[in-house]
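Here's the structure we're looking at; comments come further down.
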There are 2 protein chains.
Amino acid sequence: MTGQGPEAVAERHHEGAPVVPQHLSTSAFGTDHPIGVAVLGMGNVGTEVVKILREHAEEMRQRVGAPLVLRGVAVRRTGVDRGIPAELLTTDAEALVGREDVDLVVEVMGGIDPARALIGAALRAGKSVVTANKALLADYTGELAAAAERSRADLYFEAAVAGAIPVVRPLIQSLSGDRVDRVVGIVNGTTNFILSAMAETGADYHATLAEATRLGYAEADPTADVEGYDAAAKAAILASLAFHTRVTAADVYREGIARISAEDLETAAAVGCTVKLLAICERIPGELSVAEGGKDRVSVRVYPALIPLKHPLSSVDGAFNAVVVEAENAGRLMFYGQGAGGAPTASAVMGDLVMAARNKFYGGRAPGESVYAELPIAPFGDTPTRYHVNLQVADRTGVLQAVAGEFADHGVSISTVRQEGHGAGARLVVVTHHAQESALADTVAALAELESVTSVTSVLRLEGTEE
Amino acid sequence: MTGQGPEAVAERHHEGAPVVPQHLSTSAFGTDHPIGVAVLGMGNVGTEVVKILREHAEEMRQRVGAPLVLRGVAVRRTGVDRGIPAELLTTDAEALVGREDVDLVVEVMGGIDPARALIGAALRAGKSVVTANKALLADYTGELAAAAERSRADLYFEAAVAGAIPVVRPLIQSLSGDRVDRVVGIVNGTTNFILSAMAETGADYHATLAEATRLGYAEADPTADVEGYDAAAKAAILASLAFHTRVTAADVYREGIARISAEDLETAAAVGCTVKLLAICERIPGELSVAEGGKDRVSVRVYPALIPLKHPLSSVDGAFNAVVVEAENAGRLMFYGQGAGGAPTASAVMGDLVMAARNKFYGGRAPGESVYAELPIAPFGDTPTRYHVNLQVADRTGVLQAVAGEFADHGVSISTVRQEGHGAGARLVVVTHHAQESALADTVAALAELESVTSVTSVLRLEGTEE
């Protein structure tokens, strides 16, 4: 249809036939004209995407309106039998992306380089991109979204957060008429598997990590997962969408799970809680930030925390993921499902791919990056949190008074104190109300210096309470 | 921008400015040109939508790219103070929809007439429509979608199913590259409130319904809710989306909750289950339907059923809704949140409205109706279900044999049998494996005729088991 004037377009439109707006088509898309797809990477996810494209071609054609045709797959090494025709495989990803007959690019290779350059090249050429690359998006969404904007291409990334679970699209589209106050998620399957197993077996962190590695739930180098980098990248993406503000991985406060002990999980169970690695994206209302002129601020953080067993995230076990979104009008929503794995992630990729292909075919675009709100990032110390502190103390009169005094001196209000044991085993368990993170941290540091406090045996944050 | 040639459009496009494709704009949309909105109905939902449009105008402008301006609200009676300028109110919905400066129509009046005609008129005029009207959609989506298709307008209806919970958009978009096998939802808040309360208090159905009415959870005429009509309409919508097949309310097998007794809930608790009114949309694989030439069939049904306490839907209590979607690649997903109420439903309406407005402004369209699969609807009798049957029986030798014989004669395999009580209180509790609904129903009818069976005290279906 390229080259037809507006009249011809208008005519077809009155017949109810698919119309491709002039400016969107660089090649001519008709009902039988295929839409070419390049897949970059053939790991777990890429393999599943290729399989679906080949085995469900007719279904995809029906859903798009035109055939989706796999033009090629970029891999590190050819010559390995991957169950698809050898001529589809190439090590030259750049040439594949640049092919005239490639309209859509699926990036599932991961890592920053060369994914960043390849996606950039595709977008600059007006080719829509579907990516599952959270690390890349957490740092370079701005650059990639700008490239997409310039060429009117789409950048889709549902698969980058929480695998098969639709959470990116609901935040961008379904909640586009609401005000999101908080997003709290379990978005890393490895750490959730480890914490669930520790809670169940009573084993310590290192033994459980070893078991998770043996079972394939943790990678040989588990750093990105257990230190919270993976969750932090996803938190940055979620916060950007939720608050219409550009948030990068560097804006996310991050603690991993390596310091969580078997005793922490016992403590949790004793107080009707469990420990989860949470990605928390929170709007701090302007009235709490006079220094910022009353503008709302954004807090984004990843750390292991106690959550009450009655909280919906507490029962999300093993490799499952879940994301809770709290919005002004919608109230509390929860999205639950498989957050990783080849097939679930491929489901999210394919959903994006069908939408990107429909946009190519019918015209139209996915919503681009929305960062108009430009909310400032609150320093972690300003974040309101609650602490659950276990202290080993001297068994004598006045200890409680001294400990309570430290909390009061730092302006931290105590919710409950429990005294346990006697003699050398005497302990105090203190749960605070919400207070500024910095005040809580300072209080704990001061407690450690108290003569009557033998040791601070555990400090855990408490999330998901109504108080 | 109307009237500019393709060259002018192409030029703006290279500058990265918003482009309105020729064929999509009947009026000229520029960044300062407002998009006019008409709201039909000012009940709970309409009131919240109007409030958001007025109080969050700047946020909506940022998210759309142009101002969303409320042109008017159609109400049954003017002269009542509704907290908005009187000149915005009109009783002439038809004239409001027809106004030149109305680009988008929000229908939250409910009911078939006049909503059907008004939405039809809007769509025929190329005005996109956002509706929360499940009863209308369950019967007339085909007609309305065709009108939208002809004029290239959008028909959005996220709010029609499960209120604030994004489930329509995930089914249409996120899962568009996957194959959905099953959707099971708690999609009616009134019945879920009643069943949750019965389980908690032990009270009977009529007392609990009276209490629900008093608290505002049930309407004065609760028929649509308690008889399952509301859930059936939502099931038809969900099934249509899940299976790319037009399903109407008449295709849905429906039983309400009025026959659920306090004893049924006791029985449920005794076997580690609870009773929920479920909307079930299921793909019956072709290999089970040789008569249909091996084509997959669709079963859509609404009834109260036992579900195990470990099933994620069992803990969805009170007025909350949840929908579980099982797809080939995504696996099991769950969506949870507030399924009704003014503000939650308005959140869903506003999300659709922002997307419809963006499409008007930037060009592009929401995916239209997808019914290419045209899967046949399986008769309810062909549906595989499981039964949980309580029988009052004579306390004598041979009863179990006689009962087991009836199941065997109908080709129904028994999972467990439990004998309880003695003398006049002797009971048998039988749980079957999956069997054809018609065989199960015939078995129960035959049991009632057995001399040794005093009465069939309860028959409940069992859902959500792996078997």
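Backbone N, Cα and C atoms are what each Cβ position is placed from, and that goes for glycine too.
Features of the protein shown, as given by TrEMBL:
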{"type": "ACT_SITE", "residues": "B:Lys234", "note": "active site, proton donor"}
{"type": "BINDING", "residues": "B:Leu40, B:Gly41, B:Met42, B:Gly43, B:Asn44, B:Val45, B:Gly46, B:Thr47", "note": "NADP(+) binding site"}
{"type": "BINDING", "residues": "B:Lys134", "note": "NADPH binding site"}
{"type": "BINDING", "residues": "B:Glu219", "note": "L-homoserine binding site"}
{"type": "DOMAIN", "residues": "B:388-464", "note": "domain 'ACT'"}
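Overlay of TrEMBL annotations on the structure.
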{"residue": "B:Leu40", "record": "NADP(+) binding site", "Cβ contacts under 8 Å, 6 or more apart": "B:Gly46, B:Val73, B:Ala74, B:Ala93, B:Leu96, B:Val97, B:Val105, B:Val106, B:Glu107, B:Val108, B:Met109, B:Ala115, B:Leu118"}
{"residue": "B:Gly41", "record": "NADP(+) binding site", "Cβ contacts under 8 Å, 6 or more apart": "B:Ala74, B:Val75, B:Glu107, B:Val108, B:Met109, B:Gly110"}
{"residue": "B:Gly43", "record": "NADP(+) binding site", "Cβ contacts under 8 Å, 6 or more apart": "B:Val108, B:Met109, B:Gly110, B:Gly342"}
{"residue": "B:Asn44", "record": "NADP(+) binding site", "Cβ contacts under 8 Å, 6 or more apart": "B:Gly341, B:Gly342, B:Thr345"}
{"residue": "B:Val45", "record": "NADP(+) binding site", "Cβ contacts under 8 Å, 6 or more apart": "B:Val108, B:Ala132, B:Ala159, B:Gly342, B:Thr345, B:Ala346, B:Val349"}
{"residue": "B:Thr47", "record": "NADP(+) binding site", "Cβ contacts under 8 Å, 6 or more apart": "B:Arg82, B:Gly342"}
{"residue": "B:Lys134", "record": "NADPH binding site", "Cβ contacts under 8 Å, 6 or more apart": "B:Ala160, B:Val161, B:Asp230, B:Ala233, B:Lys234, B:Ile237"}
{"residue": "B:Glu219", "record": "L-homoserine binding site", "Cβ contacts under 8 Å, 6 or more apart": "B:Thr190, B:Thr213, B:Asp225"}
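Cβ proximity to the NADP(+) site centre (mean Cβ of B:Leu40, B:Gly41, B:Met42, B:Gly43, B:Asn44, B:Val45, B:Gly46, B:Thr47, cutoff 8 Å) flags the following additional same-chain residues: B:Val39, B:Glu48, B:Val49, B:Val50, B:Val108, B:Met109, B:Gly342. Listed recorded positions: B:Gly46, B:Lys234; maximum Cβ neighbour count within 10 Å falls on B:Lys234. When DSSP labels each residue, the domain 'ACT' (B:388-464) comes out as 27 helix, 31 strand, 19 coil, counted as helix, strand and coil in that order. In sequence order, B:Val50, B:Val73, B:Ala74, B:Val75, B:Arg82, B:Leu89 are the residues near B:Met42 (NADP(+) binding site), counting only same-chain partners six or more apart with C-beta under 8 A. Across the domain 'ACT' (B:388-464), the model assigns an average pLDDT of 94. In the three-state DSSP classification, B:Leu40 (NADP(+) binding site) falls within a strand.
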